[in-house]
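Below: the structure, in C-alpha cells.
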Amino acid sequence: MAGVRAVGILSRFATSKYSRLSGHGHRSLSMSSSLLARTYANYEIKDGVAVIRINDPNSKVNTLSKPLQAEMTEILEEIWGNSAVKGAVLISSKPGSFIAGADLNMIQACKSAEEVTTLSQEGQKMFDKIEKSPIPIVAAINGSCLGGGLEFAIACQYRLATKSKKTVLGTPEVMLGLLPGAGGTQRLPKMLGIPAAFDMMLTGRNIRPDKAKKMGLVHQLVDPLGPGLKSPEEATIQYLETVAIEAAKNLANKKLSVKKEKGLVQKLQDMVMGLPFVRKQIYNMVTKKVMGQTKGLYPAPLKIIECVQTGIEKGTTAGSLAESVNFGNLAMTSESLALRGLYHGQVACKKNNFGSPARDVKNLAVLGAGLMGAGIAQVTVDKSVRTILKDTTVEGLTRGQQQVYKGLNDKTKKKAITSFQRDTTMSFLTGQLDYRGFDQADMVIEAVFEDLNVKHKVIKEVEAVIPPHCIFATNTSALPIKEIAAASKRPEKVIGMHYFSPVDKMQLLEIITTDKTSKDTTASAVAVGLKQGKIIIVVGDGPGFYTTRCLAAMLAEAVRVLQEGVGPKKLDALTKGLGFPVGGAALADEVGIDVAAHVAEDLGKALGSRFGGGNVEVLKTMVQKGYKGRKSGKGCYVYEKKSKDKKVNPGVEEILKAYQLKPAPSVSGDEDVQYRLLSRFVNESVLCLQEGILPDPVQGDIGAVFGLGFPPCLGGPFRFVDSFGADKLVQKMHRYEEVYGNQFSPCQLLLDHAKDSNKRFHK
Amino acid sequence: RFVFRMFVMTKTKKTLAKPNVKNIVLVDGVRTPFLLSGTSYSDLMPHDLGRGALQGLLNRTGVPKEIVDHIIYGIVIQEVKTSNVAREAALGAGFSDKTPAHTVTMACISSNQAMTSAVGLIAAGQCDVVVAGGVEFMSDVPIRHSRKMRKTMLSLNKAKTLGQRLSLLGSIRMGHLMPELPAVAEFSTAESMGHSADRLAAAFGVTRVEQDEYALRSHRLAKKAQDEGLLSDIISFQVPGKNIISADNGIRPTSMEQMGKLKPAFVKPHGTVTAANSSFLTDGASAVLIMSEEKALALGYKPKAYLRDFVYVSQDPKDQLLLGPTYATPKVLEKSGLTMEDIDVFEFHEAFAGQIVANLKAMDSDWFAQNCMGRKSKVGVPPMEKFNTWGGSLSLGHPFAATGCRLVTTVAHRLQKEGGQYGVVAACAAGGQVFLTCRLLIHAVYAVTAIRLSSACL
C-alpha cells in the first residue's frame, strides 16, 4: 500500500486553488443585433435601477468572453444614456457562479503576444469606463467571482456578496502562469493595500466572503436563504438582488457612502506605505520570497510584482501598460501553456467517462486502518458515505480512527467546518475488528500490507462475507492487479485504486483496470473517487502501473547519482531546480527507504535491466541499518524534532562510500545530472503510453504532476517533450546511453516523435 | 414547535374521545405577570417565580396538596444552584414533600413538554393528578469562568502543597479571566435565533412593514385584552420586601412611525427584524393543573378543556428552525380528523413577527407544501379573527419555558369566552429575541396538542 505513500508532500502544487477559473465552452462570435434579446446578458429597470443579469446559455458558469463583453458594453451605453436610471446592479442568474473568470479559449485562440495584449487593453478600457460610471454600479456576487470576474467586480462602485458556500473571490491567474490582466494589478493594491494585494495575486488563493469583507474586498454580506416560496437558490438570488437594488438607490441618493472611516491601524499602515524606501523594501522582500519558492522557474509572479510596482511608482497609465504587455508576453510562455494544459487536464480528469454505475456506493468498507486506510476512510465519510474501517488490532484501529478525527478536527480549527459538522461527519465512521456489516457493503477497499499472500488471504476472507454486487478494490502501489485478482472468484469485480499519501491532501487517484474488470466496476470506482474529490486517471495493469513505474525509474537514477558522489543535499537542490517540489533524496525518505527498496527490487525483476542504475543493495543496506526514512527518524537525512536544518545522515555517507561508483565526467555536470533524472522519468511515461498502460497523454501529465510532483511549470512529461523537443531529448539520451546502456534507450514512440517534429502529444 | 388543540364539545360535533384512552382535562391554569427582564423581578431567582405560579395555582384551584401525584416543570436557562427547579419551586410553594417533581427542558416548548408528559402519565394510568408548568428568568443568567480558569480552579482543589497551589495560581493569565456567556447561537448551526428569523422572513418575502404591522396588532390586541380584564390567568405576585405585581409590563402599542425608526437588530444593514417586532427577554412563570376527567369530576371540578392530541415535529435547524407551526398544524388536525375550518381558536407562539408572517405565508403556499412538506396542496391559513386575538408573545412577553402553559390556558379561556369548541396551540422550539439558550435541541422541535373544551364546564 505504501509505494508512493509520502509523495504527498511533493505536490504542493496539487491543491485545488485554481480549480474554478473556468474556460471551457466554445462560443460563437456571431452577435445578435437585436437589443432586446441578448444572449449573455440582459437588463430590466426596477425602481430607477437597472438590473443587469448575466447568464451564459452554453455553460454552467459565466465566463468573461468576447460576446459577453460586447453585450455588456451595449447595455452600459444604453443605461448611461437613460436619464431615468439612477443606479445599476450587476448580478448573475446562475446559482453557483457570478463570473468565474475570463474565457481561456479567447487567449488560446491568440497567435501572438500582441493579440493578447490587445485583449487585455480592451478589458482595461471597459473596466475603466465602469469605474468612472456617472451612476453607481453595484456588483451583487453569488458564487464564484474569480479572475476577470473579480476584476469586473472591483471596477464597480460597490460590492455585495452572499455568504453562500459557493461564493469565493480570488485572482487565480498566477496558477495559470498569467496575471490579472484587466486592471487587477492596479486596482487591488489601492483597494487592499500593497501587502494584501500581493498575497492575493501571488498565491491566487480563494477568498471566502467573511474574509473578503474583513479585507475590504466587498462592502456588505448577505446571508443565503433556505426554502421559502421558492427554492433556496432562487430565493437567495432574488434576495441578493433586492438588497443590491436598495444599496444602489441609497448610493445614488447619497444615503450610503462608499468611503469608510479608516481605523488607526489602517492609517498607520497607509503612512508607512507612503514612504518610498518602505515600499522598496517590500518589493525586494516579496521578490526574494518568490524567487525562493519558485527558483525562478515561474515568470508570472515576478511580472505581477513588476506591474504593481510600476503602477504605484509611475502612475496608473504606466502600470496599466505594463500590465497589458506583460499579460500578453506571459500568455505566450511555455510555463503558462503548461499550467493552462494542466488546468484543462484536471477538468477532464474530474469526469466519469465510464457512464453512471448501476448502483450507488452507499456503504463502503476499508480494510486496514494504516495511514492509507484511515485517509481513504476520512475522504469518504467527509462526503457522508457510511464507512466501516476494519483493522486486525485494537491499537491499529485506534490509531486510524484518531487520524480521521485529527484530519476533521484540523479543519474545525481552521474554521472550514464547525465542531458540529465534524461530529456529524465522524458519525458516518464505524471502526471494528470483525466483518460485521460487510454483507451490506457496496465496495470494499483494501489497504493492507503490500504482500501478495496477505492480499490473497484478505480477498478470500472478504468474498466470503460480501454481497454479490460488492466491488473489491485494492490499494496497492506496485503489485499487479491481475495477480491479486487471481485469488478472486469474481475477477470482474476486482479493480485497483491507488491512492497517494496523505490521502486527504493529495488530489490524485490512479485507478487500475485488468482485462477482466467490468466497465460497471470501473464506472463505480471512478464515481467513488470523484465523490471523494479526487482527480482520476484510469490506467492499464502492469508492474508499477503508471505512476510508480515512472517514479521508480527516476529513483533508480537518483541512487546512482548518490553513488557517484553527489551528496543528498546537492541531489535535492538539482531536482528542486527542475521544479520538483521535493528533492530526490528527501522524497525517498518520505516514501520510506524500505518501500523504495521493495519497489525497486520488484520492478527490476519484472521489467529487467531498464530499471537498473543505482544499486538496490544501497537501499537494502540502509534498511538493514534502520535508516528507513522520516518514519524511523533517519534516512538520507537525520530527522530531529524542531530542527529546521536537515543534516545528512553520516551513516548513509558511509554506505554510499562502500558502494561508490566512478562518475563519467562527460555526463556528470549539474545539467546532465538533472536531465538524466528527468529523461528516465519521461521516457518511462512515454513507454507507458506506447504500451497502452496510459490511455492518453493528458492523463499521463495529470498523473505525473498531481501524483508525483512532476514540475508543474513543465506541464507533465508529455507537455515537456512537446515544448522541449523530442529530438533534443533523444539526443541527450543517446549521450547517456553510450555511458550507461539501455536505461537510457529512448522508447520507440519517443523516437517517432524525434524523427517527425510535427508529431506532438498535445495539439 | 408546539401546537395544542382544544375543542368544545357540542351535541352536533365530534367529541374526539378515543376508545380505551382516558379523557384528560385541564382543570385550570395560572401565570405570574410577565415582566421585561431587569425590571421588578430582577433580584429574584427562577424558583421564586416558579413558587409564585405554583402557589397561585394551589390558591385558585384549592386542590388538596396530598392528592397531587407528580409535578413537572420546564426551564431553558438553568440556574446551577437549582438544577431540579421543579422540586425547589414545589417545596417552596407548599406542596407536599411526598410529591415527586422533575424538570424538563425542550427550549421554548419546555412547558408544553411538561404538560404532554403529564398527559402521558395520566393516560398510562400512572397518575391521576399532575401539576405542570414552566419558568424562565432572564434577569440573571449563569455567566461562567472560562474553561481554562475552571480547570485551574478545580486543580487547585486537588493541589496538596503550597508550592503546587502557588504554581497553579501563577499559571493564571489574562485570558483566564475572560468570562463565558451563555451562547447566543444555536449550538449546531452557530446562528442566532434573530438572524435565523431575519433569513426566514426574507425567504418568504416578508417585508419590514408587514412585520411591524403584525407586531403592532399583537400589542394593540394585548392592550385591549388587558383593559377588558380578559387575561384572567394572571395571579398577583408579591415581590418579597417590595410591591405586588399584578400586570404584564411589556405591552406597548406605539405607532408604525415609531417602529419604523428602529434599525435592524441582527442582520445589518439590510435586515428587517428589529427589537420592536421581536419578542423581548422576559421573566415569568406559569402552571396548570391536569387530571383525568373521572378524577376531576369526582373532586367536583368543572374542567376547562379536554387535552386531546399532540404532535411534536422537527426540521432542519438551519433553514426551517422557525417553521414548526406550518408542519405541525396539519398533522394534528389530521390526527383528530378535523380541518382548518373546524377550529375556533388559534394560539400561536409569536417569537418574531417575521416568523409568524412567514409561517402564515408558508401555510398559504402550494410550492412550500409540495416541495418541503410532501403534501399535495397548501395547509391553509388560519383566519386572523380567530388568531391570537388576546395578544401574544410579542406583546405579553416570552419567558421561554413558561409560554406553553400560557398558550394552553389562553385557548381554554378564549373558547369559553367566545363560545367555540376546538382550539389549536402551536409554538416553535426556539424563540426569543436574543436567544440565550445554552442547550438547544439538535433539531428544532415542534409539537401540536389538541385540547377540547369539555361541555361539562359550559
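Sequential numbering from 1, following the chain as shown.
Including glycine, each Cβ sits where the backbone N, Cα and C put it.
For reference, TrEMBL has these:
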{"type": "SITE", "residues": "A:Glu151", "note": "site 'Important for long-chain enoyl-CoA hydratase activity'"}
{"type": "SITE", "residues": "A:Glu173", "note": "site 'Important for long-chain enoyl-CoA hydratase activity'"}
{"type": "DOMAIN", "residues": "A:364-541", "note": "domain '3-hydroxyacyl-CoA dehydrogenase NAD binding'"}
{"type": "SITE", "residues": "A:His498", "note": "site 'Important for hydroxyacyl-coenzyme A dehydrogenase activity'"}
{"type": "ACT_SITE", "residues": "A:Glu510", "note": "active site, for hydroxyacyl-coenzyme A dehydrogenase activity"}
{"type": "DOMAIN", "residues": "A:544-639", "note": "domain '3-hydroxyacyl-CoA dehydrogenase C-terminal'"}
Under 8 Å by Cβ from A:Glu151 (site 'Important for long-chain enoyl-CoA hydratase activity'), counting only residues of that chain that are 6 or more apart: A:Gly123, A:Phe127, A:Thr171, A:Pro180, A:Ala182, A:Gly183, A:Gly184, A:Arg187
Fewest other Cβ within 10 angstroms of its own Cβ, chosen from the recorded positions A:Glu173, A:Glu510: A:Glu510
Residues in the domain '3-hydroxyacyl-CoA dehydrogenase C-terminal' (A:544-639) grouped by DSSP into helix, strand and remaining coil: 67 helix, 4 strand, 25 coil
Cβ neighbour count (within 10 Å, all chains shown) around A:His498 (site 'Important for hydroxyacyl-coenzyme A dehydrogenase activity'): 29
Integer average pLDDT (0 to 100) for the domain '3-hydroxyacyl-CoA dehydrogenase C-terminal' (A:544-639): 91
Inter-residue C-alpha distance, A:His498 (site 'Important for hydroxyacyl-coenzyme A dehydrogenase activity') and A:Glu510 (active site, for hydroxyacyl-coenzyme A dehydrogenase activity) (nearest angstrom): 5
Between A:Glu173 (site 'Important for long-chain enoyl-CoA hydratase activity') and the residue listed as 'active site, for hydroxyacyl-coenzyme A dehydrogenase activity', the C-alpha gap once rounded to whole angstrom: 28
